[in-house]
Amino acid sequence: MPGIVLIGAQWGDEGKGKATDLIGTKVDYVARFNGGNNAGHSVVVGDESYALHLLPSGIINPNLTPVIGNGVVVDPEVLFEEIDGLESRGIDCSHLKVSEAAHIIAPYHRTLDKVTERFLGKHKIGTTGRGIGPAYADKINRVGIRVHDLFNADHLHDKVEASLHQKNQMLVKLYNRRPIDVDQTTEELLKLGERLKPYVANTGLILNKALDEGKTVLFEGAQATMLDVDHGTYPFVTSSNPTAGGACTGTGVGPTKITRVIGVSKAYVTRVGEGPFPTELLDESGEWLRQQGHEFGVTTGRPRRCGWFDAVVNRYASQVNGLTDIVLTKLDVLTGLKEIPICVAYDVDGERHDDMPTDQAAFAAAKPIYETMPGWDEDISDCHSFDELPATCQAYVKRLEELSGCRISAIGTGPQRDHVIQINSLVD
C-alpha cells in the first residue's frame, strides 16, 4: 500500500516533472492533487520534451493511470489542448481519469483574474492570469461549478446564474466592464462537458481501492511549499495547498495511507512573481544562474528570479511536509563556479534567525547569512554514482543534506532523463 507524495520544497519550478517521471516508472497511478494549469512542468523522454500544465507527468507512461484529483481546478479548454497536443505526437491519453468533484475554471474566472490584477496595480499578487484564484474563491464561497455539474443543462444554468450574480455586479460597477451572459456561458460549458465526460470518474474510490490492493500511487503536487496558501509567503502564494497534507484533501485518500514524502529542491533557488526572496541575486550572478539553468517559466515565459540555496527554506519544508527524502535537481548548473554560497540563517534587524520567521514582515526584511563552499569545473552529467562526483561537489551535496535535516536520495546532473544519480530507492 505505498502512497508516495512528491512536492516542491522551495517556490516551484524545482524539476518535479523529471522526478515524477523517474519515480513514475515504478508506480501504478500518478495523481495530481492541487492547483491548475498555472503549474508548468517539462518532462524529457529521450530526444522528446513535453511541456505540461494540467496533465499529470505520468501521462507519458502508458503503463500507469494518470489521475486529476478533486483538489485540482480544471480548465477544460486547456485540458483538451494538452490532450490534442500529446495525441498528435503519438501519446495515448484515453487512460486519464478526472475527478467528478474537481472544480471547473470557467471563462469568467480568467476574465476576473486579469481585471483584478490590473485593478490592484502596485499591490498585485503576480498571478498567471489563468483564473486559478477566482475558481478557488468560488469553491470556498460555495458558488463553484464542479465537473459533474456539466452534465445537466438546467442544473448547470442555475449554478452559472448564481455564480455570475455577484461577479457581473463587480465587472460593471467596479471594473467598468460588460456583464457576462449566463445563457451563452452555460452553452459553452455544456459543450465542454460533452467532451470531458469519457474521462470523468470517482477518482477517490479508484485511488483508495488501488492502495487497498497493494498498488503504488504517486501523489504529484503542483507549485511548492513556499507558495502554500497556509504555509507559504502569504499573500504572495497560490490558492491551494501544495504541501503534503494537500495530497489527502485533494484526492480523498486518508493520511495513514501515505508512506513516503519526497521533496524536490534545486541546488539553488528560483521564484516567479512577487514576494520576498532573501537570497535573490540582482547582479550578474543571478543572470548567470538564469542563463545557465534556462530559468524561464514553462507557463508564462517569464524570467525567473534566481538566488543561492536557502537552507532555512529547506529545513522549513522538511518540517511542514514531514519529508523522508529530497531529490536535488540542477546540480550541473553550478558547474564552473569557484565558490558557492549557501544561506544557513537570516539576519533580521541584527538578530540571527535559524528558522523561518512566521511574521512575513520579518521575512521580507531578512538578510541571508552565508557560508561558502568550493565549487568544481568538471562536467558531472555522465556521473552515475555519488562517488563519481568531484570531491567538492560531494561536499556541497552533503552540506545541503546536513542543513536541510533530510537525506538526499537522488541528484539531477543534467536535463536528460538519465542524467540522475540515485542514492536511495524512492519507492519501497
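Glycine residues also receive a Cβ, built from the backbone N, Cα and C atoms like all the rest.
SER42 (GTP binding site) is surrounded by 17 other CB atoms, counting those within 10 A of its CB over all protein chains shown. Annotation comment: Swiss-Prot describes 12-18, 40-42, ARG304, 330-332, 412-414 as GTP binding site.
According to its DSSP assignment, ASN38 (IMP binding site) is coil. Its Cβ taken as reference, ASN38 (IMP binding site) is surrounded by 29 other Cβ atoms within 10 Å in the chains shown. Per Swiss-Prot, the feature IMP binding site maps to ASP13, GLU14, GLY15, LYS16, ASN38, ALA39, GLY40, HIS41, THR128, ARG142, GLN223, THR238, ARG302.
Of all Cβ atoms in the protein chains displayed, 29 besides its own lie within 10 Å of the Cβ of ASP13 (IMP binding site). Taken from Swiss-Prot, the feature Mg(2+) binding site covers ASP13, GLY40, and the record attributes it to sequence analysis.
The active site, proton acceptor feature in Swiss-Prot is assigned to ASP13; the stated evidence is sequence analysis. In this structure, ASP13 (IMP binding site) belongs to neither helix nor strand by DSSP; it is coil.
Using a 10 Å Cβ-Cβ cutoff, HIS41 (active site, proton donor) registers 26 neighbours. Look at Swiss-Prot and you will find HIS41 tagged as active site, proton donor, backed by sequence analysis.
The Cβ of ARG302 (IMP binding site) has 13 other Cβ atoms within 10 Å, all protein chains considered. Marked as substrate binding site by Swiss-Prot on the basis of sequence analysis: VAL298, THR299, THR300, GLY301, ARG302, PRO303, ARG304.
Separating the Cα atoms of GLY15 (GTP binding site) and HIS41 (active site, proton donor) is a whole-number distance of 7 Å. All chains included, 24 other C-beta atoms sit within 10 angstroms of the C-beta of THR413 (GTP binding site).
Secondary structure at PRO303 (substrate binding site), as computed by DSSP, is strand. THR128 (IMP binding site) counts 24 other C-beta atoms within 10 Å of its own C-beta, drawing on all protein chains shown. The most densely surrounded of the binding-site residues GLY12, GLY15, GLY40, GLY301, PRO303 is GLY12 (count of other Cβ atoms within 10 A of its Cβ).
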